[in-house]
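Straight from Swiss-Prot, the features:
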- ARG52, PRO53, ILE54, SER55, ILE69, TYR70, ARG71, GLY76, THR77: FAD binding site (BINDING)
- CYS220, CYS225, CYS228, CYS243: [2Fe-2S] cluster binding site (BINDING)
- 1-101: domain 'FAD-binding FR-type' (DOMAIN)
Amino acid sequence: MKKAYLTVCSNQQIADRVFQMVLKGELVQGFTTPGQFLHLKVSEAVTPLLRRPISIADVNFEKNEVTIIYRVDGEGTRLLSLKQQGELVDVLGPLGNGFPVNEVQPGKTALLVGGGVGVPPLQELSKRLIEKGVNVIHVLGFQSAKDVFYEEECRQYGDTYVATADGSYGETGFVTDVIKRKKLEFDILLSCGPTPMLKALKQEYAHKEVYLSMEERMGCGIGACFACVCHTNESETSYVKVCLDGPVFKAQEVAL
């Protein structure tokens, strides 16, 4: 983990309230595992005080560039969306433990399931798995057609299905509906998205090897503030820190 100023190479809107930013700097060389995230300070002013955790979508080590995707949900991300090419961003990272790429054997099939802004980490994950000789299938879930992004980026690595809750694009329904409808077969499931989606996947595929990337609000990003704790299945009093121990966990480890 390092703290550095990264240079904005580009910052553009790619879907409704969803932006893609490319940052450049030596800190990129510290990236090790798909599923890690960056903690960004969105302003040099006193407020907003807290950094924003943003997942890493793609890494280009040769160019020292990292791509992040974020949705404008409040003042912090609104300020981030205003950043222009050439500006500097105060970044802490890469943080967290990512997906277990090394545990997926060549020739196996990995089902990658993303919901909303949980889709971006699947891009780098797909790339790493394909390099290992793993077969990849994507199922991406969104609320509506205006929210859809990264379909083509995922498709270059494997079969890709898109579901929208309102049926305005792709398959109608939720990601679990698509998996059943298409009778998708897989050896391991890797997912990132909203808690209700993760909970549904955990329940439906309890007999499978499943890894979930948790989306929790974070304060410090380094495990000191206890803002992102998640209870485990061991007992009512046991917990893990999503920013430090995760954000990726085996499904049976965490209580949803």
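Backbone N, Cα and C define each Cβ position, glycine as well.
Structural mapping of features recorded in Swiss-Prot.
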{"residue": "ARG52", "record": "FAD binding site", "DSSP (3 states)": "strand"}
{"residue": "ILE69", "record": "FAD binding site", "DSSP (3 states)": "strand"}
{"residue": "THR77", "record": "FAD binding site", "DSSP (3 states)": "helix"}
Problem set entry | Maximal Cα-Cα distance (Å) across residues annotated as binding FAD, namely ARG52, PRO53, ILE54, SER55, ILE69, TYR70, ARG71, GLY76, THR77 | 15
For this session: Determine the minimum-neighbour residue: among ARG52, ARG71, listed as binding-site residues, which Cβ has the fewest other Cβ atoms within 10 angstroms?
Result: ARG71
Exercise. How many other Cβ atoms are found within 10 Å of the Cβ atom of ILE69 (FAD binding site), counting all protein chains shown?
Worked result: 23
Problem set entry | ILE54 (FAD binding site), number of other Cβ atoms within 10 Å | 24
Exercise. For the recorded FAD site formed by ARG52, PRO53, ILE54, SER55, ILE69, TYR70, ARG71, GLY76, THR77, which further same-chain residues have Cβ atoms within 8 Å of the site's Cβ center?
Worked result: LEU40, ILE68, LEU80, VAL117
